[in-house]
Ligand SMILES: Cc1cc2nc3c(=O)[nH]c(=O)nc-3n(C[C@H](O)[C@H](O)[C@H](O)COP(=O)(O)O)c2cc1C
Ligand SMILES: *[C@@H]1O[C@H](CO)[C@@H](O)[C@H](O)[C@H]1NC(C)=O
Ligand SMILES: *[C@@H]1O[C@H](CO)[C@@H](O)[C@H](O)[C@H]1NC(C)=O
Ligand SMILES: *[C@@H]1O[C@H](CO)[C@@H](O)[C@H](O)[C@H]1NC(C)=O
Ligand SMILES: *[C@@H]1O[C@H](CO)[C@@H](O)[C@H](O)[C@H]1NC(C)=O
Ligand SMILES: *[C@@H]1O[C@H](CO)[C@@H](O)[C@H](O)[C@H]1NC(C)=O
């Protein structure tokens with residue numbers, strides 16, 4: 001111990017190496033060893049074996065401010081933590097005596113074919129991780145055949161992101177409800193002209209963002225420009241502004257799910273925004289269970305997507321079994337983007353391998369077979 005101390009005094013060059021111990025934030029311990037990493041330096045992608053590793057690598061390499069901007073959540077971050085922890089309460093039923101020699105993972109989302117039922121969710125400012133910003137997300141998604149839905153608060157323009165995709169790649173686009181209607185109209189027109197095939201309309205920042213202490217320590221929160229007076233009449237007016245299919249994002253109650261069904265939306269997106277808006281909001285597992293209990297017709301009448309805390313292939317399988325047709329990843333692709341496209345591609349590879357392995361172990365040969373018979377939710381009380 002003493003010689004260690006003397007050595008680091010004598011040799012300042014060794015200090016960054018010796019100093020790398022990273023608070024892993026209570027993420028599952030799978031033996032990631034960061035002792036050879038250097039603070040601020042990108043670790044080799046070959047050291048990375050799961051999505052949590054990618055978060056720790058991003059924490060090592062990004063400035064405190066930019067890491068916080070991705071990692072932050074609202075108030076006590078109860079919902080953020082619940083998103084991560086809820087999956088440990090769900091048991092997966094694995095059936096034997098089934099032919100799982102030929103696994104089918106492809107599915108359709110709003111009628112478009114994709115190779116997997118998971119997608120890259122809208123997340124602002126990918127440029128904080130890598131200069132290529134959203135371009136590497138679009139390109140990695142296109143090559144893997146998965147859906148990417150860029151945020152309207154992206155680093156790159158709508159048109160640049162569209163161009164970064166492959167020819168014929170299907171992407172959707174997220175939009176916010178700005179109080180400036182001219183801006184909404186302009187953006188919807190540009191999104192359509194750039195070739196995006198649907199709009200994820202985020203309805204859960206009702207005029208304001210959550211109070212995100214972790215990131216406010218670096219940058220105080222400010223006016224979002226979101227409309228606080230957005231009601232059902234405004235929603236009807238919004239639907240007149242584009243002929244692209246609209247998917248309300250941020251549905252947190254069975255009542256709102258039912259409203260969207262009655263209003264004839266083709267899909268809803270169940271989400272608590274990664275715990276970044278209403279702290280205390282339920283997780284997608286709980287919301288999907290609540291919808292099934294109260295208004296199961298929602299699952300027959302429209303597609304349902306879901307997200308929040310999905311870090312393992314098994315997390316995605318749980319949401320799919322509870323009725324989601326596709327599952328979003330928010331933070332992980334942002335973290336993976338510290339290596340640019342190679343990182344995002346590795347994320348898709350690792351995550352899809354986890355999903356396929358677990359499907360096979362559950363006796364599921366086609367993702368579209370997943371239903372509630374594969375999950376035991378007895379430990380979830382609400
Ligand atoms: C850094 C960051 C930025 C985000 N920006 C947006 C956004 O611009 N629009 C939006 O609808 N959701 C946004 N979200 C929410 C994500 O779409 C998604 O719902 C959430 O991150 C899922 O939880 P997860 O991060 O645990 O996967 C953002 C999330 C993060 C982490
Ligand atoms: C989607 O996949 C189905 C089944 O593989 C195929 O019949 C259909 O033509 C594909 N559609 C598109 C748009 O590629
Ligand atoms: C509203 O948006 C339009 C289009 O983006 C912009 O030109 C205009 O300056 C905005 N108006 C206000 C009051 O911010
Ligand atoms: C939507 O457009 C239709 C046709 O132009 C019009 O009749 C209707 O009043 C509009 N609805 C809203 C809420 O603006
Ligand atoms: C950023 O992304 C680009 C494009 O994918 C990649 O070439 C580059 O290596 C990335 N930067 C770092 C530091 O990895
Ligand atoms: C779930 O799927 C299995 C196998 O595909 C089927 O036998 C079963 O009836 C379904 N169960 C429910 C609850 O839908």
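Glycine residues also receive a Cβ, built from the backbone N, Cα and C atoms like all the rest.
Feature annotations, reproduced from TrEMBL:
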type: ACT_SITE; residues: 273; note: active site, proton acceptor
type: BINDING; residues: 122-124, 151, 174, 202, 249, 271, 307-311, 330-331; note: FMN binding site
type: BINDING; residues: 176, 212, 273, 276; note: glyoxylate binding site
type: DOMAIN; residues: 43-380; note: domain 'FMN hydroxy acid dehydrogenase'
type: SIGNAL; residues: 1-19; note: signal peptide
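Where TrEMBL records a feature, it is marked here on the structure.
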| residue | record | contacts (Cβ under 8 Å, 6+ apart) |
| --- | --- | --- |
| 124 | FMN binding site | 151, 153, 154 |
| 174 | FMN binding site | 122, 149, 150, 151, 152, 199, 200, 201, 202, 249 |
| 176 | glyoxylate binding site | 152, 153, 202, 205, 224, 225, 226 |
| 212 | glyoxylate binding site | 72, 73, 74, 221, 276 |
| 273 | active site, proton acceptor | 202, 204, 205, 210, 250 |
| 307 | FMN binding site | 121, 269, 270, 271, 274, 284, 319, 327, 328, 329, 330 |
| 309 | FMN binding site | 80, 82, 83, 84, 85, 86, 87, 274, 283, 315 |
| 311 | FMN binding site | 50, 51, 52, 84, 332 |
| 331 | FMN binding site | 55, 70, 71, 123, 274 |
Mapped DSSP class for residue 276 (glyoxylate binding site), helix or strand or coil: coil
Site of maximum Cβ density within 10 Å, from binding-site residues 249, 276: 249
Residue 122 (FMN binding site): tally of other CB atoms within 10 A of its CB: 25
Residues among the binding-site residues 124, 176, 212 that border ligand 1 - Cβ under 6 angstroms, in sequence order: 124
Whole-number Å value of the largest CA-CA distance among 176, 212, 273, 276, listed as glyoxylate-binding: 19
Conformational class of residue 307 (FMN binding site) under the three-state DSSP mapping: strand
